[in-house]
Amino acid sequence: GMVQQEPAAAPGLAAAGEAAAATAEVRLSRRRWAVVLLFSSYSLCNAFQWIQYSSINNVFVRFYGVSAFAIDWLSMSYMLTYIPLLFPVAWLLDKRGLRLIALAGSALNALGAWVKLGSLKPHLFPITVLGQVICSLAQVFILGMPSRIASVWFGSREVSTACSIAVFGNQLGIAVGFLVPPVLVPNVEDVEKLAYHISIMFFMAAGVATALFILVVIVFKEKPPHPPSRAQALIQSRPTEEYSYVQSILRLLRNANFLLLMVTYGLNTGCFYALSTLLNRMVIHHYPGEEVNAGRIGLTIVLSGMAGALISGIWLDRTKTYKQTTLVVYIMSLVGMIAYTFTLSLGHLWVVFVTAGMLGFFMTGYLPLGFEFAAELTYPESEGTSSGLLNVAAQIFGIAFTIGQGQIMDRFGTKAGNLFLCSFLFLGTVITAFIKADLRRQQANLDNEQTVIRSGERPEGPRSSSALTGCS
């Protein structure tokens with residue numbers, strides 16, 4: 001499967017590449033943890049800026065004097081800008097590498113945060129839109145990175161855990177975005193006091209984003225001195241003239257299993273985007289004056305999802321059961337969404353917290369599963385490209401679901417809007433069952449270990465286990 005997926009190359013070049021991969025020294029770098037944690041941190045800051053408006057939707061509606069739909073578009077701008085810019089940014093990732101993408105993402109994130117500080121008057125809504133659009137550009141340089149960082153920097157026994165940590169930061173940012181704005185920006189009547197509270201939130205985001213950009217300049221490197229796995233050694237040994245970005249995309253779009261995963265990932269993540277954007281409106285509708293608890297419910301969804309993501313990553317590294325795990329998590333996401341739908345209107349906030357936590361554990365925990373399953377199904381294609389296509393599907397469905405659910409909620413109520421999402425999660429569950437577990441990256445690691453054993457060298461396993469203690 002691995003050989004069939006690579007572009008046609010001269011037999012001598014291919015053989016030379018395989019020989020180089022078999023003899024390459026595989027070691028893990030100490031810096032790998034600093035790289036993934038730094039990425040996770042500026043991803044956190046960017047995700048916070050995505051949700052900071054929606055988590056106090058009613059407050060910003062009153063401050064700027066615009067409609068709730070206009071505030072929803074501040075979140076949907078993240079989804080809209082991603083779609084046309086994915087391919088140029090993925091091309092840059094493949095041609096110029098991780099460091100340039102990390103610098104661009106963290107720099108745009110800081111710039112957008114500073115622009116928002118110029119929008120602290122009710123008539124300056126266009127300025128806050130501009131700042132949010134700049135932050136949405138930063139997101140294009142962030143969302144497709146987790147699986148690429150994991151593959152380039154981490155060994156085969158920890159790659160899924162590393163991907164989960166990278167996604168973890170984005171989810172933590174959403175959690176902070178639900179928790180902090182309702183606390184920093186109380187729903188006061190005085191516009192001047194409101195502007196003061198908003199300025200505190202904007203200044204904090206700008207300061208953190210700037211500090212993280214400086215750290216990226218200092219700490220973030222392109223790749224480790226040695227490949228961390230046999231699969232990565234094989235990719236690095238491939239002559240650059242073999243690789244064609246356009247051909248890579250065409251191969252991905254001819255991969256039936258990957259196309260099915262694209263649709264199912266888009267449906268699940270699109271539901272999460274719609275739920276996050278509209279959560280404040282849902283909770284305030286049933287529990288007036290509970291802005292802070294609306295934020296806490298969002299926090300519960302994301303924190304439980306982070307736990308789900310981390311457990312999923314560790315589970316995948318131990319079992320490699322990508323298809324089975326993905327299907328079980330999808331089914332439980334549907335069950336959680338149904339439970340949340342029918343308990344939201346019961347009048348008991350504690351029940352909503354419980355069902356929202358269950359929903360988040362599986363729905364948000366699914367995100368790194370999708371990235372890693374895609375990396376397995378599409379090896380040796382670039383993880384940045386496969387992750388980017390998954391995210392394009394998520395953004396398209398996210399915009400459609402947010403607009404659709406918002407309109408349904410306005411006309412028929414929150415229960416009808418949530419049932420709208422349940423129907424698509426059911427569809428995604430059915431489609432997931434038809435994805436075949438064609439684990440090409442795992443097969444590449446096994447093939448290369450067998451090659452090393454036949455050539456009389458030590459296999460990757462012992463080297464990786466010793467490297468896990470911290471050798472660089």
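Positions of Cβ are set from backbone N, Cα and C atoms, glycine also.
Among the features that TrEMBL reports, compositional bias 'Polar residues' is placed at 463-472.
This prediction places the mean pLDDT of the domain 'Major facilitator superfamily (MFS) profile' (35-440) at 86. The domain 'Major facilitator superfamily (MFS) profile' feature in TrEMBL is assigned to 35-440.
What TrEMBL records for 450-472 is region 'Disordered'.
According to TrEMBL, the transmembrane segment annotation covers 33-53 (among others). Within its own chain, the transmembrane segment (33-53) is flanked in space by residues 60, 71, 74-75, 78, 102, 105-106, 109, 112-113, 116, 132, 135-136, 138-139, 142, 145-146, 149-150, 153-154, 162, 165-166, 168-174, 176-178, 180-181, 201, 205, 208-209, 212-213, 215-216, 219-221, 276-277, 298, which lie at least six positions past its ends and keep a Cβ under 8 Å from the stretch.
Same-chain residues lying 6+ beyond the ends of the transmembrane segment (73-93) with a Cβ under 8 Å from its Cβ atoms: 50-51, 53-54, 60, 100-101, 128-129, 132-133, 135-137, 139-141, 143-145, 148, 245, 249, 273, 276-277, 382, 384-385, 388-389, 391-392, 394-396, 398-399, 402-403. Annotation comment: TrEMBL describes 73-93 (among others) as transmembrane segment.
Positions annotated as transmembrane segment by TrEMBL: 100-117 (among others). With a cut-off of 8 Å between Cβ atoms, the residues of this chain six or more beyond the transmembrane segment (100-117) that come close are 39, 42, 45-46, 49, 89, 92-93, 127-128, 130-142, 145, 199, 202-203, 205-206, 209-210, 212-213, 216-217, 220.
If you look up TrEMBL, you'll see 123-144 (among others) marked as transmembrane segment. Same-chain residues lying 6+ beyond the ends of the transmembrane segment (123-144) with a Cβ under 8 Å from its Cβ atoms: 39, 42-43, 46, 49-50, 53, 64-66, 70, 74, 77-78, 80-82, 85-86, 89-90, 93, 101-102, 104-109, 111-116, 170, 383-385, 387-388, 391.
Residues 36-37, 39-52, 55-56, 142-143, 145-147, 149-150, 197, 200-201, 204, 276, 279, 291-292, 294-299, 301-303, 305-306, 309-310, 313, 364, 367-368, 371 of the same chain sit 6 or more residues outside the transmembrane segment (165-184) yet have a Cβ under 8 Å from a Cβ within it. Look at TrEMBL and you will find 165-184 (among others) tagged as transmembrane segment.
Non-local neighbours of the transmembrane segment (196-220) in the same chain are 31, 34-35, 38-39, 41-42, 45-46, 48-49, 52, 63, 98-99, 102-103, 106-107, 109-110, 112-114, 116-117, 120, 180-181, 184-186, 188; each lies 6+ residues outside the stretch with a CB under 8 Å from one of its CB atoms. Look at TrEMBL and you will find 196-220 (among others) tagged as transmembrane segment.
Marked as transmembrane segment by TrEMBL: 258-276 (among others). Packing against the transmembrane segment (258-276) from elsewhere in the chain are residues 51, 54, 75, 79, 174, 252, 298, 301, 330, 333, 337, 363-364, 366-367, 370, 373-374, 377-378, 386, 389-398, 400-402, 404-405, 421, 424-425, 427-428, 431-432, 434-435: each is 6 or more residues past its ends and has a CB under 8 Å from a CB in it.
Look at TrEMBL and you will find 296-315 (among others) tagged as transmembrane segment.
Nonlocal intrachain contacts for the transmembrane segment (327-343), taken as residues 6+ away from its ends with a CB within less than 8 angstroms of a stretch CB, comprise 264, 268, 271, 308, 312, 351-352, 354-356, 358-363, 365-366, 369, 415, 418-419, 421-422, 425-426, 428-429, 432-433. Residues annotated as transmembrane segment in TrEMBL: 327-343 (among others).
Taken from TrEMBL, the feature transmembrane segment applies to 349-367 (among others).
The feature transmembrane segment is assigned by TrEMBL to 388-404 (among others).
Residues 257, 260-261, 263-264, 267-268, 270-271, 274-275, 278, 282, 323, 326-327, 330-331, 333-334, 337-338, 340-341, 344, 373, 377, 397, 401, 404-406, 408-409 of the same chain, all 6+ positions outside the transmembrane segment (416-435), place their C-beta atoms under 8 angstroms from a C-beta of that stretch. Per TrEMBL, transmembrane segment is recorded for 416-435 (among others).
If you look at the transmembrane segment (388-404), the same-chain residues 6 or more away from its ends with a CB under 8 A from one of its CBs are 72, 75-76, 78-80, 82-83, 86-87, 89-90, 143-144, 249, 252, 258, 261-263, 265-267, 269-274, 277-278, 370-371, 374, 420-421, 424.
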